Amino acid sequence: MFAFSCECLLPSHSFLYSALQSSALPGRVESELASKVQLCMSTRLNKGLQRCVLQGDDGEKGDRGEVGKQGKVGPKGPKGNKGTVGDVGDQGMLGKIGPIGGKGDKGAKGISGVAGKKGKAGTVCDCGRYRRVVGQLNINVARLNTSIKFVKNVIAGIRETDEKFYYIVKEEKNYREALMHCKDRGGTLAMPKGEVINALLADYISSSGLFRAFIGINDMEKEGQFVYADSSPLQNYSNWKDGEPHDSTGHEDCVEMLSTGEWNDSECQVTIYFICEFLKKRK
Ligand SMILES: [Ca+2]
Ligand SMILES: [Ca+2]
C-alpha cells in the first residue's frame with residue numbers, strides 16, 4: 001500500500017490519495033491525480049502546487065531500545081502537610097531535690113482519739129529486800145548523825161594535854177554504857193593517873209556546870225581493888241573524898257569524879273554524864 005499526497009497553497013485544493021498498488025497507478029487513479037494536480041497547478045498560475053510526496057509502507061516495529069541514563073536530580077518538592085500528634089512519651093527521670101521551704105503555719109488541733117483499753121493489773125513488788133536495805137541505810141545515817149553531833153561537841157568543849165584529848169559526854173549513861181560509848185569512838189573512860197590530869201578534869205567538870213561524872217576506875221573485878229579502865233591498877237596516885245570508898249550499899253563498884261576533883265565509889269547502874277579520853281596520834 002502507498003499514499004500519494006500533494007500540498008497546495010490553497011488548502012481547499014490539497015488532496016491525499018491512497019492506493020493498494022505500488023507498482024503502477026491504475027488508469028482511473030492516474031487520471032484523478034492528473035486532474036487534481038492540474039487543478040492545483042492551474043490555480044495561481046501554476047504556482048499553487050508546492051510538493052507532492054509518495055509515502056511508502058510502514059516499516060516493521062523496531063527492537064526495544066536500551067535503558068536510558070539516570071536523569072538529573074529533580075527540584076526540591078513542596079513542604080509536606082503537618083503530621084498528626086504523636087503518642088504520649090514515657091515519664092521523665094526524677095528531678096533534683098529543691099531547697100527547703102519556709103516553716104508552715106500551725107495546723108488546727110486534731111480530734112481527740114479514742115480512749116485506750118484498761119491496762120493489766122500490776123505485779124506485786126518484791127520489796128522486802130529493798131526495805132531491808134533502806135532500813136540499814138537509815139540506821140547508818142542515824143549513826144553518822146550521832147557521830148557528827150559528838151564531833152561538834154568535842155570541838156566546842158574539848159580539853160587536851162600533849163598526849164590526850166578529854167571530852168565530857170553530856171548523855172546520861174550507866175558505867176558500862178559510858179565505857180562502850182567512849183570505846184566505840186576510839187577512846188575509853190578518862191583515867192586520871194596523876195594530880196595534873198586530875199586537876200584538869202576537875203576544872204572541866206566544874207566549869208561545865210556539873211556536879212559529877214563517871215571516870216574510868218572500878219573495882220568490879222575484886223571488891224576493894226580498884227583498877228583503871230585499861231585494867232591497870234591504881235599506882236601512887238588517888239584522890240578519894242574523905243570517907244571514900246566505903247561501898248556503902250555493897251554495890252558501889254564504879255567511880256565518879258566530883259566537881260572538886262575528889263573521887264567517890266558509886267553504883268555502876270546509875271546514869272550520869274561521863275568523861276572520855278582519846279590518845280593523840282603520835283607523829
Ligand atoms: Ca566496891
Ligand atoms: Ca561511895
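Backbone N, Cα and C define each Cβ position, glycine as well.
The region 'Disordered' annotation in TrEMBL covers 56-85. The compositional bias 'Basic and acidic residues' feature in TrEMBL is assigned to 58-69. Residues annotated as compositional bias 'Low complexity' in TrEMBL: 70-85. Per TrEMBL, domain 'C-type lectin' is recorded for 161-277.
Over the domain 'C-type lectin' (161-277) the predicted model carries a mean pLDDT of 96.
In the domain 'C-type lectin' (161-277), helix, strand and coil residues by DSSP number 23 helix, 38 strand, 56 coil.
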